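A.B. asks: Summarising the annotation, TrEMBL assigns region 'Disordered' to 149-168. Per TrEMBL, the feature domain 'Fe2OG dioxygenase' maps to 242-352. According to TrEMBL, the feature Fe cation binding site maps to H260, D262, H316.
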Amino acid sequence: MYGASDPAAAERTAFRRAEKQYKLYKLPNLKGRSRSRSKPAGVEGGGGDLSAVVDFHALLAGDGELPAGIGRCDCAGFDRPVFCFLDRPGFYFIPGALSTEEQCYWIRESLKTFPQPPNRTNLTAIYGSISDLFIAAKNQKILVEVENPDVQEKNEQNNGGKPRSKNFKFVDDSEIQKGADCRSTTATTLVRKLRWSTLGLQFDWSKRNYDVSLPHNKISDALASLAKNMAIPAMPSGEEFKPEAAIVNYYGPSDMLGGHVDDMEADWTKPIVSISLGCKCIFLLGGKTRDEVPTAMFLRSGDIVLMAGEARECFHGVPRIFTESDHQEISALVSQLYGLLAEYTGSKWHLE
């Protein structure tokens, strides 16, 4: 449930007020360029006062009693610390679930492998099937519109058999004839525009359902194993989690994910396994309506959130991504992935 029947009413809800409280706004600078900045604390829509944001990493490091409403979960066969909210049954927070090495591996996979066809991305509807996007960006390739039956056939296969009127391919700058009238865009620009990719069964955003007719690959064994192992706290004893689909969200410096409920899956008894990679963010967990005041918490790279049972019906979202001076916490990731991140995008990403 991503939309609201009455947008004006949605603006007045408790969830929307929380989004405005933590959102990072863009303010113009003296040269006319926009820059992201939080308004001072106490100013509506500031994002400056973070005192009410739950920090599970700080709770994990502390020796004192847990704040009211927060508990620790003891899960048989699971060796990592797990936190929960007592008034949100089915919600589990696993801080630091992934090591730095594991985070680096999955960041590389999310950038290089996950956007590969037949997986669809937000770019597919415009440009068709795009292979090796990040390699093209590294080699400073340019995507140009072409007339090529082979390219058209490939794009039709990745578009559910529907013909496309436009087809594109990557070329070197030297291959573009001067004065030629053709639509083109750099691979680097496309990387910066990448916002989501779908793995396994493909999600059709226009119809808001899973389209089993679209070409797709199974979730990789490595990702399925990770999800199965991390879902243990949210699964009934003796049952294993077997993922069939995933949606990977890529966030830029000022992006946000509005409050919503993931209600498109047929079986709500199985949990959502959400993996965070890259920059720290604020995650909002609300109730079954937008009128319930949400709880804000920090999500850091390597954290995992599980939402099962009643928590599947709760509104949630990401109003704020921390960037620029907030990279100290992920310095180990930046040092290992500098070539990948700086060469391709110049920014960090958050994957869910």
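Glycine is treated like the rest: Cβ placed from N, Cα and C.
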A.B. asks: Note down the number of other Cβ atoms within 10 Å of the Cβ of H316 (Fe cation binding site), including every protein chain shown.
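C.D. replies: I count 22 other Cβ atoms within 10 Å of it.
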A.B. asks: Could you tell me the mean pLDDT the prediction assigns to the domain 'Fe2OG dioxygenase' (242-352)?
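C.D. replies: Averaged over the domain 'Fe2OG dioxygenase' (242-352), the predicted model reaches a pLDDT of 83.
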A.B. asks: Residue counts in helix (H, G, I), strand (E, B) and coil for the domain 'Fe2OG dioxygenase' (242-352), per DSSP?
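C.D. replies: Residue counts in helix, strand and coil order: 26 helix, 33 strand, 52 coil.
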A.B. asks: So how many other Cβ atoms are close to D262 (Fe cation binding site), meaning within 10 Å of its Cβ?
C.D. replies: 16
A.B. asks: At a 10 Å cut-off from the C-beta of H260 (Fe cation binding site), count the other C-beta atoms across all protein chains.
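C.D. replies: Its Cβ shell of radius 10 Å holds 15 other Cβ atoms.
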